[in-house]
C-alpha cells in the first residue's frame, strides 16, 4: 500500500515535470506602477475602529466588507459581527473616517467611530514564565494573587508548562506590576510576551558607546509607523522592538539605525536563543544540586549504614571525642549541614514565601520533615557532648538522603516535563533559519537575490524557494510550479500541487520545482505562529476535572501535617505507656525516636505534586499529539467535552456485556444518546460548488444572463455565489480580471439570496423561498428544473430579472472522500448523525441519503442552527457541531463541542473548540478517540496519584509494623514521593504513542476532481 502511494506520487511529479517545458525560463511579473520618490504616499497607513449597529448575524459581514473595500485607499477591512465592530486599515491621503462611516451607513447599518480604541485596547494578554512552582498549591496561590489585582480580568497559571496567561486592562494595571505581584508571592517571573498578534524583533547594535546614542536610536525608531514598543538593554547593546507587520518590518529598523550619524552604528539581528533555554537551565540547575548533594550524602549514608558493620572502621567511627559524642556523629553533622542549609536552601525559601501568603505547599512538607530529622540529630549530638551516660541516635542520614532523593525526583520530573512540550518545540523548529530574498525591477523581473535571516522577511517580500527547501513564510505563488509537502502542518501525507496563485504555508517543504512566493503573513501572523499559539493556549487552559485537584490541594498539606503530628503523638504515647512490646523498638532507637521516624515518614511520603500534574501533563501531550495529527484541540475543556461524545457508547457496551438485555435496553432508552450535527456545504461536501446546468426561460444570450447574475453575486461571500461568478468568467473576454457592471442597492437576504440593480434592471438571485417572499411567480419549467436538480443532490438557484423568472442555475458540490464510510463508523459507535443546512430540503435529503444519514434539518438560517443545537441539548443530548462557514459559528459556539474544518473561515475556526486542519471528516473520529484516550489517561493518573497517597500514608504511619515488623524509613518515603511525580509524568508521556483507530486505516479515500 505504501509502495503504491509512493509510485502514484512519483508519477504525478513526473507528469508535472513534463508539462514544465511551456513555462518561461525566467520569472516575469506584471509591471509595477512607478512611484514618485518625492511624493510616495501609498505607504501611509492608518487604522480606525467603528461601531456598527444593525448586524444581526455573521452573513451581514460580507456587504459591509465589500462596500468598504470599494473605497480608494482601503488596505484591509475586518468585520467582527459578534462585537458589532469593524476595523479598517486605510490610506489617510485617499479616504477619511467620515467617508468610511457614510459608506457603512449606505449599506443599511448605523456606524460610529470609536476613538482611541485602536491605539489603546481595553484588554491585553500577557504571557509570563514562572519558575519555582512545585504543586497545585503554588499555581493556585499565584492565580489568587493575580486575580485580586484591580484591572485583571482573567488569570490562568499552568503548573506543567510553568506559564501564566493574564488578561488585563492596561488603563488600570501594567504588565510590570503583574510581574512584581508574582515575585512578591515568592516565585521568579519573566515576561514572555505582552499583547496579541504583535511581532517582536531583537536587534544587536554595534558602535554604541554612550546612553545618548541609545536614546538617539530609540527616538529614531519611535517615529516609524507601526512601532508599538521599544525596550533598550544598554549592557547587551540590544534593542527589542514590538511592531505591527502590516506597517513596519525588521529591515526597515536596521536601515534606520544604520543611517543615524552617517552609518556610525551597525545593526544585526540578535543571535537566536535556544527554544528550550529556560528548561535546559532548570535541568542543569537540578542536576548540579543533585550532584553536590550526592557528594555529601554518600559519606553520610556509608558512615551510618555500611561502615558500622566493618570492624576496623566501626572502631574509628565509635571513638568518643567529648563525653558520648563520637567521630561518626561529628562527621555526619558536618557533611549533612551543607545539604540541609545550602543545597536545601530553595525549600526554605519556598516554604517561607508560601507561609507568608497563608498557604502551604510541597516545600513546607519537605522543610518540616528534614528539619525534624536534622534538629533532633543536632539535639542528640549536643546532648551526647554534655552527658556521659546519654545513648541517643542521630538521623543525619534521614535529612540529607531525603533532600538528595527529592532533588533526584525533581531532576527526573523536569526532564520528563520537557518531553511533554516536544510538540511545541517541533512546530517552532519548522520555520527555516534563512530565506532567499528576490529584488524586482519595475517590470517585475528579478535583478538580484540575497540570503537573509528568515526573521527579516517583511510583508510583500518575494522569496525564492528551491526544491528541498522549507517555505519561509505564508504567501502565494508568484511564479513556478511544484509539489509541496504540507504534512508537518496539516498532517496530510500526500504532496499538494502548487502553481501560480496558489497559497503556501510557512514551514512546509518544497519538493521538485523552484517557486517564487510573495509573503502575505509574516511573524506572529503566520499560520505556523497561530498554530503554536493555539497549542500553547490549549496547554494553558485547565480542564474542568482539574478543579478536583485544585480543591484537594487547598487542604492537602495542612491535613498531612496534622496526620504527621498525630502519627508521632500516637506512637509516642503508645511507647510512653507501654502499649506495645519493647521488642518492637529497634536496638539503636528509643520509643521517642521510633515515633519521630513514623511522623517524618508520613510528612515526606505525601505528594500533592502527582495530583497537580495528573491533568496538565496529559493535556499537554494529548494536544501536542493532536497537532501532529492535524487535529488542533483548544484545551482541556474541549478534550473533556469531546470524550463524552463517545463515553456513553463505551458505558453501554460494558453494560450490555455484563447485564441482562432487558436491563441494558431499559437503561439505554432512558439515557441521552450523543449526536454529531454536520453542516453540508464544505463539511460533508468538498465546498467547491460548480455550475453544472443552466436553463434560460427568457429570450436572451447566455453571456448576457451570466453577466447580470455575476454583477449581483460578486458582492456575496457565499460559496454558491462564487461558483456562479467563476462560471461567468468563462463567458467573458477578460477571464483573469473581468469588469462586471456596477450593482447598486445591493442587499443580502440571509439564508435566501441577494438582490441588486444592474443596468437599471432589478436582479434577484436566490432560492424558491426568496421568490415566494418577493411574490414572484415561478413557472412550471422552473419548478421542473428545481425538482430535477434536487433529485440529483444539486442546488437550484432561481434568477429573476425585473420580477420575472429568467432562468434556473443548477449547482453541484461533490461529496468529500470517505464521508460515507465516516458516517458508517459513527453509526457503529452508536453516535447519531444529523445534517443541518441552509440548503433546500430536496438537496439536503439527497446528500443525506448518499452518505447514510437519516436525520435532516434543511433551510436553516444561522440562528436556526444554533436553536436546533440547544433543542437537542435540552433533550439530554451531548451535541458536537461540525462546520466550516461564518453561518455555522453560532452553532459551533452553542454546541458542547464545536469542530471547524481547517479550510473554513477564520470566524468559524475562532468559534470552534477543535480545528480539523486536513479538512477530512475522518479526523472527527480521530478527535473524539484522542480525547477519550487522553481523558482515560487523566483518570489513570488520578487513580495512581490518589491510590499512592491513600496506600503510602498508612504504611508510612506504621499500619503494617505491628503485624509484619515492616516500617518505611523517612529516606525511602522521600524516594517514593519523588518517584510518584515522575511516574505520573511518564504515564502521560505514553500518549505520545497514540495511533488513530484501526477502522480509519482501511478507509479508501478516492480523489475528487473539479473541472
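The backbone N, Cα and C atoms fix where each Cβ goes, glycine too.
Check TrEMBL against the ranges 245-266, 267-288, 289-310 and you find transmembrane segment recorded for 289-310. Checking the ranges 510-530, 531-551, 594-614 against TrEMBL, the transmembrane segment annotation falls on 594-614. Feature transmembrane segment, per TrEMBL, maps to range 360-379 of the set 320-339, 340-359, 360-379.
Restricting the average to the domain 'HMA' (46-112) gives a pLDDT of 81. Segment contact is absent for the transmembrane segment (555-574) and the transmembrane segment (971-991), given fewer than three CB pairs below 8 angstroms at sequence separation of 6 or more.
Counting residues of the domain 'HMA' (46-112) by DSSP class, helix then strand then coil, yields 23 helix, 24 strand, 20 coil. The highest tally of CB pairs under 8 A with the transmembrane segment (594-614), across 289-310, 360-379, 942-965, 971-991, is held by 942-965. Residues 134-135, 137-138, 141, 332-333, 336, 340, 344, 346-351, 354, 394-396, 398-399, 402-403, 406, 557-558, 560-561, 564, 593, 596, 599-600, 603-604, 606-609, 970, 974 of the same chain lie 6+ residues outside the transmembrane segment (360-379) yet bring a C-beta within less than 8 angstroms of a C-beta in it.
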